[in-house]
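**Q** Relevant sequence annotations retrieved from TrEMBL are reproduced here:
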BINDING   D16, E18, D212  Mg(2+) binding site
BINDING   S153, S154, K187  substrate binding site
Amino acid sequence: MGVLPVPAGVRAILLDVEGTTTPIAFVQETLFPYIRDNVEQYLRAHWEEEECQRDVGLLRQQAQEDSGLDGAVPIPLESGSGDEELERVIRAVVDNVHWQMALDRKTTALKQLQGHMWRAAYATGLVKGEVFEDVVPAIRKWREAGMKVYIYSSGSVEAQKLLFGYSTEGDILELFDGHFDTKIGPKVESESYRRIAATIGCATNNILFLTDVPREANAAEEADTHVAVVIRPGNAGLTDDEKSYYSLISSFTELFLPSST
């Protein structure tokens with residue numbers, strides 16, 4: 001794919017995570033299975049805690065919004081009438097989480113619970129965040145050239161910070177100027193990129209967005225954001241039209257900054 005010059009007006013680089021900074025396999029084979037296998041145990045251990053109850057409340061609210069969807073799992077209210085009722089509510093939460101994950105839902109409620117579960121796993125050393133080997137050196141070079149670097153992922157901001165704070169490269173959070181998740185808007189909607197630009201104080205055409213997902217790239221382009229699609233091992237294949245239309249890179253080192261010598 002060679003060298004891709006970064007447009008002269010770009011002042012900030014916005015990075016996707018899964019399939020861009022981090023192998024899809026890490027997310028699909030480590031992070032998600034951890035949630036599926038441990039959610040019931042986690043709920044039982046933390047049920048009485050305020051944070052856990054907030055997570056359950058958000059999941060219950062999402063379940064109400066999903067009530068018309070095929071296979072949706074409602075989460076009943078807990079009236080405090082005994083262990084049998086508690087078991088029924090916990091089972092409903094577990095089933096709801098499994099249902100959402102089976103459909104690859106990106107709801108804030110699901111992502112918030114996942115983030116809190118991953119926090120415990122990272123802190124105890126059960127999980128370390130994986131990043132491609134070109135990521136850290138490239139970002140350091142971008143920052144030395146005066147670029148701001150941000151993360152935009154469907155995973156919660158907390159989950160992002162855990163991945164990069166407990167990574168195989170150590171704590172690399174200092175490399176990022178900010179984090180965005182679906183609270184700013186869905187990644188497949190152009191308005192989300194306008195909100196990000198407004199938040200960081202620049203025009204959308206001052207941003208270069210790196211992602212492995214053409215739908216996200218298309219939404220960013222609609223907002224007049226510069227885009228490059230990242231080709232990594234394990235990523236979904238692109239159509240011939242997508243390959244010819246988008247700027248493609250297979251490593252962050254392929255980006256050539258205007259100030260580079």
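Cβ coordinates are placed from backbone N, Cα and C, and glycine is handled just like the others.
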**Q** Neighbours of the substrate site S153, S154, K187: Cβ within 8 Å of the Cβ centroid, same chain, sequence order.
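**A** What remains near the Cβ centre is D16, V17, E18, K106, Y152, G155, D181, T182, E216.
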**Q** Work out how many Å separate K187 (substrate binding site) and D16 (Mg(2+) binding site) at their Cα atoms, rounded off.
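**A** Just about 10 Å between their Cα atoms.
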**Q** Closest of the binding-site residues to S153 (substrate binding site), Cα to Cα, picking from D16, E18, D212?
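**A** Sorting the binding-site residues by distance from S153 (substrate binding site), the top entry is D16.
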**Q** Which binding-site residues (D16, E18, D212) fall within 10 Å of S154 (substrate binding site) by Cα distance?
**A** D16, E18
**Q** Under 8 Å Cβ-Cβ from D212 (Mg(2+) binding site), six or more apart in the same chain: what's there?
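**A** Non-local contacts for D212 (Mg(2+) binding site): D16, E18, G19, T20, I24, V229, V230, I231, R232, N235, A236.
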